[in-house]
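Engineer: One structure, as structure tokens, below. Some questions next.
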Amino acid sequence: MSMMKRESLPEDYIPYIRHINQHVIALNSRCLMTVMVVEGVNFDTADIDQLNSLHNQLNTLLKNIADERVALYSHIIRRRETIYPESQFFSSFAATLDEKYKKKMVSQELYRNDLFVSLLWNPASDKTEQLASFFQRLAKAKKTQSEPDQEAIRKIEELSQDLIEGLESYGARLLSVYAHGGILFSEQSEFLHQLVGGRRERIPLTFGTIASTIYSDRVIFGKETIEIRHESNERFAGMFGWKEYPSKTRPGMTDGLLTAPFEFILTQSFVFKSKAAASVIMGRKQNQMINAADRASSQIEALDEALDDLESNRFVLGEHHLSLAVFANHPKALAEYLSKARAHLTNGGAVIAREDLGLEAAWWAQLPGNFSYRARSGAITSRNFAALSPFHSFPIGKLEGNVWGTAVALLKTQAGSPYYFNFHYGDLGNTFVCGPSGSGKTVIVNFLLAQLQKHNPTMVFFDKDQGAEIFVRAGGGKYKPLKNGQPTGIAPLKGMEYTEKNKVFLRNWVLKLVTAEGQTVTEEERQDIAKAIDALGNLPHAQRSLSALQLFFDNTSKEGIAIRLQRWLKGNDLGWVFDNDQDDLNLDSQFIGYDMTDFLDNEEIRRPLMMYLFNRILDLIDGRRIIIVIDEFWKALEDDSFKAFAQDRLKTIRKQNGMMLFATQSPKDALNSTIAHTIIEQCPTQIFFPNQKANYKDYVEDFKLTEREFELIQSELSRESRRFLIKQGQSSVVAELNLRGMNDEIAVLSGTTKNIELVNQIISEYGADPDIWLPIFHQRRENQ
């Protein structure tokens, strides 16, 4: 293009020489630099009081590290995110679901905001250092040969640690050197490469200067537009700078940019001034206003107050600059994006200017340490800087390096950002899910479980009302709907090996049967039960039944063990529960579903049944990856066996590589339990769905949601939006699951009574292989 005319050599404008160590980089000005990546805080789900408190903390941090030899740069790099978590699935349904969902997600424009803060230590700002620098120049020492002293390195490392600790609420860490495929790469160089060429890629450590390594794209400057040429494409950029500062600042003035539908780099720098220099600057400004007979006496008084605040160490002063570089693949699109960006930047009252003659300087001023290129700068307070750079963002989750590996699922946030969902928060994967009927809870829980199949876990699903039956069967699992009056296929006396541990369990289980109506047993009867279990273990496997067990007891006593066992024997009113020909819990299957809805209100059957089921499930918690899902778990919590299981396993299952997921319609259901505290404490991942009837006490006081999070759940999020709140630790985000057009998959993820009957009919005709019956199900469902 004709307007593109000037091209520069990297060493002329890029000041970075080499790594001093894994964290520290040396500049040709003798400055040292470290860079931190910051997760940020989600302003969208935080209370105003929380944001104001963070603003004050940030101002305090800036005051604590203030030194005229220190400078800070903050960057927000907004970029397209196209990475989708790839995996293999153990069921064809999960694989097909993922394939369709992936096509939907990669077709959308998702953007992420990467936040960075760079710390620079400039020893030349010290008077003695300036003198040393003068003699160095006299000796014509080459910049690349100047060696930083150990004291300067120690100082910047110390300051970096202070900054990391001060930014704890924001999740900051130092960029470093890392190995990949046997080669060393530099995270700092990758960050700087984005500033130089607007593109992200791996940058290896080399023997040459960092400057020459990171300048891999040609940057050509026109009058108002920058062209960046890469071997495979070209991009265009335009820049804005602040011409006049707003009269007041508040946290979040630039937050509108964080949801913009284009890529950009927002750069800010803050070079600390000494108190003496700050007093001179502010005094000069005050005198100018007085001499000009400025009518705004309130501004003069405000400067008086500011000088007093400066002397009282309520803030520090620094030289600040702000620029915004906007990127597009075509000049026409760039013009559109720049128009939108201008609106966001002027929203806070600042006067901005499109860079033209100063375009090249503005571009290179984005690089930390290029102080002389900052053409548009002004003195502001640390409170102002904390407001202009508040490290606001949206959580994006974690793509790689999770306890079980790659992210479970990619979701879209309310802000159009990607969110890489994981059940695990740290090493704890227990999850609490809460949403009223019709909120989309079932679809989303089952979708996440289908995505979890990529990690090849054993999955145990305790269902209610058979809502997950189609999903379990389609996912290659075995499903056992336990119905009143129908043989359960459960025979505990045949299902367990007669080890000493298991015999103790079986004794207690038999005690449960013979005391179901409130009876008691004598010590002699306890011993009789123990002897009977021992004797039963000597029989052939096929003969180990309740009917056989009864024969070991005295049947002459009207209230004895034999009589009490009678009703549990085959042919009697409860014989269908446990006195079956074989024990078939499907524990050899990787995906198991049980529906116990019929028994939840039948305590007599529920107690021994759950006692046995959860004891057998314990055998699966042996170090393999496992998730245990319990729908409407509050009902199960009425049972002592489940309550004990939940309380113990919630605390210990992570050590055995497992996790639990509890789902319910109302938080009060969980809160009414005696183990409510354990559930809240041991489920760091919590998912809440819209609920117009949400109770403030339940959500805010008991589950510790912020008032803003409660507001979202109660009033802002609608059921139709299919949006929900994910909270992990203190961080939260509003995400959505868009399965529009995927009607076949939705019919599997959320089963209706009609569809469940249809599936069972088809399975009775064609067998249980989902690869065979699932296509027939979709065909018949559509024809209905």
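Positions of Cβ are set from backbone N, Cα and C atoms, glycine also.
Relevant sequence annotations retrieved from Swiss-Prot are reproduced here:
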| type | residues | note |
| --- | --- | --- |
| BINDING | Gly435, Pro436, Ser437, Gly438, Ser439, Gly440, Lys441, Thr442 | ATP binding site |
Engineer: Taking the Cβ of Gly438 (ATP binding site) as reference, which residues of that chain separated by at least 6 in sequence fall under 8 Å from it?
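Structural biologist: Gly438 (ATP binding site) has long-range Cβ partners Arg719.
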Engineer: So, in DSSP terms, is Ser439 (ATP binding site) helix, strand, or coil?
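Structural biologist: DSSP assigns Ser439 (ATP binding site) to coil.
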Engineer: For the recorded ATP site, enumerate neighbouring residues of the same chain (Cβ within 8 Å of the Cβ centroid of Gly435, Pro436, Ser437, Gly438, Ser439, Gly440, Lys441, Thr442, site residues themselves excluded), in sequence order.
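Structural biologist: After dropping the recorded site residues, what remains is Gln665, Phe689, Arg719.
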Engineer: Let's check the environment of Gly435 (ATP binding site): how many other CB atoms sit within 10 Å of its CB?
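Structural biologist: Around the Cβ of Gly435 (ATP binding site), 24 other Cβ atoms lie within 10 Å.
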Engineer: Per 10 Å Cβ neighbour count, which of the binding-site residues Pro436, Gly440 ranks highest?
Structural biologist: Gly440
Engineer: Using CB atoms and a 10 A radius, I'd like the single residue among the binding-site residues Ser437, Ser439 with the highest neighbour count.
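Structural biologist: Within the set of binding-site residues, the most crowded position is Ser439.
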Engineer: If you count Cβ atoms within 10 Å of the Cβ of Thr442 (ATP binding site), leaving out that atom itself, what do you get?
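Structural biologist: There are 20 such Cβ atoms around Thr442 (ATP binding site).
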Engineer: Return the residues near Lys441 (ATP binding site) by Cβ distance under 8 Å, restricted to its own chain and a separation of at least 6 in sequence.
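Structural biologist: Expected: Val433, Cys434, Gly435, Ala663, Gln665, Phe689.
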